[in-house]
């Protein structure tokens, strides 16, 4: 007996088997989550006595729909179709009790929430719902990535390193991406629905979600809240409400807060980037967090950072070079530009400049950035300047005349860093963004990008040279001494005004309050040098430095005969005390273990409102655990014991943060392995 209409008892979405074959088991087994361009199976349990199933006689259709309207309706008759469309095939179990249906999604289907229905001669039955993601394992998907180890790193890894500091003092910050934590995928899909383009035209927006270029651009806009009710509010000043950006240890807490109550206060560039990485990986787009040291912010789009100073050494121009800036690279093809621009694409969710009227940036192909192809979408000129702008230093004299006195072609775009594949080591990827500094290729690319707006280089050795020298062991809380050395390379003596100053500074080059200042009129003999020292005492820098713990040193010399101007700058990253972490108890699932935490207060004063916070994927149930310990006296140890119960087997990282009123956001982590 054959049949074209049949009754079934229930539909089994075969979640466990599908999750394993689609690399989605880490999302859990509560619902079906699959990747596009790859078959998944469902099992229809038939009523007893059903006849033999004949595909050629079948008269039914499977329909998938996504979006608020059926903007993506795919009817799948029981016949073979081309592999770029949705299709289905069925197998009748010999026992006659089940019908196994293999459904193949299009590798170009929109991602998102789907419903699955069965239509038998006009009678419609709901079979369930599923979520469809981008598929880095599918060669026909735009985000396909050949290397399995890279897919493990850029799609499946739940921890990463975010690099901060300066190019000479780079420090990794461990981050919990947590893209597989409960509720995170739903929140990421809600972010797409909250984007203004969805409100303007839901049909068009849902259909456009087939394109990772479009989705990445939406993510870039929605991680900041400048134009909408996006995830994070930026704050680069004093924090009097909300959470200081340095306190966040992972993306999960931020995303859950956003889902509950809207834009979260606050974030800075590394937080924006890390959250964007979480959302991208959750949706299936391979993604990495990238730090650019010496990152230029070119406000007038001329590819030159013009630092204009007054005669007292104070900067009076808007262009700036940040100590570091963090963004993300996402992996995808670029059919809109040509296959030569496939691969990593830079996007930046930190709100800096508008793009098409919205605070977003990218995706821009690394190939276009490296080759100076600034007409390629999106926002390539801005990102090119961030990594490859030239710097010109000018002084504005009291007469109003502006005179160039120095410049650099190498100070922007240094030690561009990301986490290495499969380890916690730093990987320098500067070569992926630019040719070696000073090489013929790099200069050629810059000149092409600049469109003949060439920077004139100084042709002769300066007559005077300024250099700043630092002390060893510059630990926050300690007093130390720095010096500026003025060397006379001329054959005659030089009389100069010499100023040496220290001030607090933010990582984004925001200038804070002054700390120390000395000025003198000095005479330097030919071939000799003159040293001026500056005492940097905690009682002066402690109250004014930010949680970045940065101090900018500036030395300025003016030749009284020629009125030539010379300047040297250096940024200090103060060392911080280390957190000691010791685990007491066996690391086993559903068994309590205690983290014993210790930190030495290196400051010469009492710390108030002290706390330790721990967080770990599969360790703390997706949420941070905080222990408040009150006050800690000067030079004494802060101690805490925090218990947690691991929920998942396997490797993870336990992140620890110490915070107080004066010593903020001290971070550490340890690798752990949880056993059954």
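Residue numbers in this text run from 1 along the chain shown.
Each Cβ is built from the backbone N, Cα and C atoms, and glycine gets one as well.
Those TrEMBL annotations? Automatic predictions, nothing curated.
Note that the coordinates shown come from a computational prediction; the quantities given were computed from them, not determined experimentally.
In TrEMBL this protein carries:
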- 269: active site (ACT_SITE)
- 325: active site (ACT_SITE)
- 348: active site (ACT_SITE)
- 388, 390, 437, 442: Ca(2+) binding site (BINDING)
- 261-351: domain 'Transglutaminase-like' (DOMAIN)
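Within the same chain, residues at least six positions away from residue 442 (Ca(2+) binding site) with a Cβ under 8 Å of its Cβ are 388, 434, 435, 436.
For the pair residue 325 (active site) and residue 437 (Ca(2+) binding site), the Cα-Cα distance reads 19 Å. Taking the Cα atom of each, residue 269 (active site) and residue 348 (active site) are about 9 angstrom apart.
Spacing of residue 437 (Ca(2+) binding site) relative to residue 348 (active site) is 24 Å (Cα to Cα, whole number). Close to the recorded Ca(2+) site, the chain also has 389, 409, 410, 412, 413, 434, 435, 438, 443, 445, 446: residues not among 388, 390, 437, 442 whose Cβ is within 8 Å of the site's Cβ mean position. Each of the recorded positions 348, 390, 437 was scored by other CB atoms within 10 A of its CB, and the lowest score goes to 437. Taking the Cβ of residue 269 (active site) as centre and 10 Å as the limit, one finds 27 other Cβ atoms among all the protein chains shown. For the pair formed by residue 390 (Ca(2+) binding site) and residue 348 (active site), distance between Cα atoms is given as 21 Å, rounded to the nearest Å.
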